[in-house]
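K.L.:
Would you mind keeping the following structure in view while I ask a few things?
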């Protein structure tokens, strides 16, 4: 009965982002939300987190997550809220000691094989504060606003787990024995499926998979480490929730975006700012999201407005969601974000 009620909720959703993806056509208006729309660019965010001791503490504080998630929707009238969290929650569930160091970013005690990872018996127990936040946000959001849940792509999470932090060379993970890498990715994939299913059950009406490190791979490695696990996640979710909108984001995948769209089964794809929009329009035959350069938005308002108009003109007749090609930079002036949202909503 629970699954039937979830299916009914998803099917009847009036949220504009999920509707654009599911119907595969552009509505009356182009929807807009921004990756990292909740965060350090907002003064209300900085006030809300000033007394917290760590980023992970924020991620597991239900009421704070609700507040932070809703802030950009309230300020800018975004068409979607994305739950305030992090792609490394799955790594934390697997027993890795995830921490965030100012000026360095995420750090993790690195592992070399899947046996070092904890076997999570009940992912819901560890992530319940986040899941409860999803439920509370959904209750507070107007029905026309989407609530986006998310997770990191298994390859990206694996690269952090093995490297221990962000890397420019990815030497540890690329030199790991293929069978060990495969086992780690498989374990991450299974946990990711469980986590995303729970997010949907608690109220998310769209899911995004952030494969932020996809661009380091090519050929067979891209197929095995990005496409294969993504396809497994998509198949598992759509097996339980048919036609559920899933956005993939294989950042910096270049021409491999085409293979990703054709082989994974994702419902829509978010393109990074290096993807030529004319190429995307010609080659990617599913709903598109993107792809303004966040640096333009942060440092050159007039050029950002000009580029936004060009993107809209290119994708106007397609099922399209306006977004950035990566996350909002912390020093982005809020007046620039407001001008961007106003422009998109006026089209």
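Glycine is treated like the rest: Cβ placed from N, Cα and C.
Got these off Swiss-Prot a minute ago, pasting:
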| type | residues | note |
| --- | --- | --- |
| BINDING | 36, 37, 38, 39, 40, 86, 160, 212, 326 | substrate binding site |
| SITE | 86 | site 'Transition state stabilizer' |
K.L.:
If you count the C-beta atoms lying within 10 Å of each candidate's C-beta, which of the binding-site residues 36, 326 ends up with the smallest number?
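P.N.:
With the binding-site residues 36, 326, fewest surrounding Cβ atoms within 10 Å: 36.
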K.L.:
Other than its own, how many Cβ atoms are within 10 Å of the Cβ belonging to residue 86 (site 'Transition state stabilizer')?
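P.N.:
Summing over all protein chains shown, residue 86 (site 'Transition state stabilizer') has 20 other Cβ atoms within 10 Å.
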K.L.:
If you measure every Cα to Cα distance among 36, 37, 38, 39, 40, 86, 160, 212, 326, the residues said to bind substrate, what is the biggest one in Å?
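P.N.:
Answer in Å: the longest Cα-Cα distance is 23.
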K.L.:
Quick check for the class: what is the C-alpha distance, in angstrom and rounded, between residue 40 (substrate binding site) and residue 86 (site 'Transition state stabilizer')?
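P.N.:
Computed Cα spacing between residue 40 (substrate binding site) and residue 86 (site 'Transition state stabilizer') is 14 Å.
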K.L.:
Return the count of C-beta atoms lying within 10 angstroms of the C-beta of residue 160 (substrate binding site), excluding that atom itself.
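P.N.:
For residue 160 (substrate binding site), the 10 Å Cβ neighbour count is 26.
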K.L.:
So, three-state DSSP: helix, strand or coil for residue 160 (substrate binding site)?
P.N.:
helix
K.L.:
Note down the number of other Cβ atoms within 10 Å of the Cβ of residue 38 (substrate binding site), including every protein chain shown.
P.N.:
26
